[in-house]
Amino acid sequence: MKQPLILSFLLLGMVSAFHLETAHLENPKREESLKQEADGSREQGRELALTQETKQTEGEEVEGSQHQDIFEDEEAMESDPDALNKDSACPKEEDTTHFQGTPGCKSCNYVLVRTPETFDKAQRVCRRCYRGNLASVHSYSFNYQIQNLARKINQSIVWIGGILRGWFWKKFCWMDGSCWDFGYWAPGQPGSGGGHCVTLCTKGGHWRRASCKSHLPFICSF
């Protein structure tokens, strides 16, 4: 009677030991599997962060290229006009045509300079040589006067003092700071035009946007 009982206890002990050993063998495998899963999750997280960072960088590059035109057109306008090109000669008299705007207005003096310059250089010439600015236009009659004068001396397009400024809220401004209260845009302008500076075309007298780096004759008011 005792012998079968002893055998039963021995058998039960062997089974328990087998289960413990099996659990001990399986546990490292489970730990290794969990470790691999954790490593994979961390790697996926790093890849996702890198992808997001790359997309952000690409977006910034695209945005930067879209605004490059504005920087190129406006960066020089931030400088002090009187401090630049002081040693440059003013236009020769034979390259200019003086005229008066409103009859009897002593302060309404204008000069058309036939020497082509960029918008920025033209503004600096107006400031330094004539103590004025690129001309602002506030009426059809004066616009027509400029148109006729430029056409008579064979100038097809000239700078006037208008420039597009701003980022999200863009607006046209005159270089002399006067109110923008008149416009004579060509069909489709200014919305479909490129560039940030304003020209007057003598054929029709309409205004068009152009790159501020273009070299054109210009009109100063002083």
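Positions of Cβ are set from backbone N, Cα and C atoms, glycine also.
According to Swiss-Prot:
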{"type": "SIGNAL", "residues": "1-17", "note": "signal peptide"}
{"type": "COMPBIAS", "residues": "27-46", "note": "compositional bias 'Basic and acidic residues'"}
{"type": "REGION", "residues": "27-100", "note": "region 'Disordered'"}
{"type": "COMPBIAS", "residues": "71-81", "note": "compositional bias 'Acidic residues'"}
{"type": "COMPBIAS", "residues": "83-97", "note": "compositional bias 'Basic and acidic residues'"}
{"type": "DOMAIN", "residues": "105-221", "note": "domain 'C-type lectin'"}
{"type": "DISULFID", "residues": "C126-C220", "note": "disulfide bond"}
{"type": "DISULFID", "residues": "C197-C212", "note": "disulfide bond"}
Using DSSP reduced to three states, classify C220 (disulfide bond) as helix, strand or coil.
strand
Cα-Cα separation of C212 (disulfide bond) and C126 (disulfide bond), in Å?
16
Integer Å distance between the CA atoms belonging to C197 (disulfide bond) and C126 (disulfide bond):
16
Assigned conformation of C212 (disulfide bond) - DSSP reduced to three states:
coil
Using Cβ-Cβ distances, find the residues under 8 Å from C220 (disulfide bond) that belong to the same chain and are at least 6 apart in sequence, listing them in sequence order.
Y110, V111, V113, A122, V125, C126, C129, Y130, G132, N133, L134, A135
Taken over the domain 'C-type lectin' (105-221), the model's mean pLDDT:
95
Determine the Cβ neighbour count for C197 (disulfide bond): the number of other Cβ atoms within 10 Å of its Cβ.
29
